[in-house]
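For reference, Swiss-Prot has these:
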ACT_SITE  LYS99  active site, proton acceptor
BINDING   LYS148, LYS174, ASP175, ASP176, GLU177, HIS265, GLY338, GLY360, GLY361  substrate binding site
BINDING   LYS174, ASP176, GLU177  Mg(2+) binding site
MOD_RES   LYS174  N6-carboxylysine
Amino acid sequence: MSGIIATYLIHDDSHNLEKKAEQIALGLTIGSWTHLPHLLQEQLKQHKGNVLHVEELAEHEHTNSYLRKKVKRGIIKIEYPLLNFSPDLPAILTTTFGKLSLDGEVKLIDLTFSDELKKHFPGPKFGIDGIRNLLQVHDRPLLMSIFKGMIGRNIGYLKTQLRDQAIGGVDIVKDDEILFENALTPLTKRIVSGKEVLQSVYETYGHKTLYAVNVTGRTFDLKENAKRAVQAGADILLFNVFAYGLDVLQSLAEDDEIPVPIMAHPAVSGAYSASKLYGISSPLLLGKLLRYAGADFSLFPSPYGSVALEKEEALAISKYLTEDDVFFKKSFSVPSAGIHPGFVPFIIRDFGKDVVINAGGGIHGHPNGAQGGGKAFRTAIDATLQNKPLHEVDDINLHSALQIWGNPSHEVKL
């Protein structure tokens, strides 16, 4: 294979999956085939999309009801020659799913890149091992928390929040994705002030915390804004990838003057991936493509919290982020939304140690504040790695958290 193989879930009311697959393969490449003169067929053969696989799925009444017609469901695989497109994500996505995305009854499940094609993508600059080296934390999941309620607040408020989270043992604190450039907490000032706080905490408590700052602005200003952030001392860049595009992420990741990890936020991605019938699958969008384009971290809804993905989907995202690939470093999985300490055993059981446990309200909502919330999570992580049930741990911060949010994982064993 020298090009790319696209896997689709299709719904066909003509009940002829093979014909539908061939129509897609031709429609996204040379347009027609059977009526072409033999000589022209020979000339265009190397550009033709090829149907590799057609598999009929069981009938699904809910799908028929939603579409208001009876359809035949199937999985098809089509190979697109590398000759047809330039080796960049805009060209790849337009080739494999451009006008087809308007069908409304086709979902792009996966893209399998040839080795030749993979060479054109950077992958994570740091990856899991690089991030762990920055923090000197190698034996446990990382803990991340989020600034909350920063809109309309000043630098003093940010510094207080940051200090409390760092003292609580949080490894990474990230901006809220809706915190943009503003007069009260401008980008450079956030970074400089934040670094002062984190250095003070490190000198006092010996705990290192990294700050992920939200890089925003117009598309053609992003590189300059990212470089300003780096010059000010940014540890990590948070980036709302899907508000801009995967190719923009790649351009940031490939820039040698932006030598810091990039954290990809899933904001807007639901517009592409939420439907089970059409769009782009979450594992492909939030897993494989983010990793290839250069994300060191990928945030996505966990199977447990307030904005939940199905467990199978969440684990598939993580698989794409962390599976062995000689071309790319591994990216950190960051299952998010509604996470509290009682979920820690689930997260470690399902995602392993190479995961970032990300909490907002589960840290800030603790009775002892963000310090208590962070300590509760760290205690839960340590107990889980020792295979000790959380309810048996004698720790006031963890006990308080379990009283508030519950302990759904009390029977979980690693």
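Indices start at 1 and increase along the chain as displayed.
Including glycine, each Cβ sits where the backbone N, Cα and C put it.
Within 10 Å of ASP176 (Mg(2+) binding site), counting C-alpha to C-alpha distances, fall the following of the recorded positions LYS99, LYS148, GLY338: LYS148. The distance from the Cα of GLY361 (substrate binding site) to the Cα of the residue listed as 'active site, proton acceptor' comes to 41 Å. Note: the Mg(2+) site is recorded as LYS174, ASP176, GLU177; in the same chain, ILE146, PHE147, ASP175, ILE178, LEU179, ALA212, ASN214, LEU238, HIS265 also have Cβ atoms within 8 Å of that site's Cβ centroid. The full span of the recorded substrate binding residues, LYS148, LYS174, ASP175, ASP176, GLU177, HIS265, GLY338, GLY360, GLY361, taken as their largest Cα to Cα distance, is 18 Å. LYS174 (Mg(2+) binding site) falls within a strand segment according to DSSP. Taking the Cα atom of each, GLU177 (substrate binding site) and LYS99 (active site, proton acceptor) are about 31 angstrom apart.
Considering only the binding-site residues LYS148, LYS174, the Cβ with the fewest other Cβ atoms within 10 Å is that of LYS148. ASP175 (substrate binding site) sits 36 Å from LYS99 (active site, proton acceptor), taking the Cα positions as reference.
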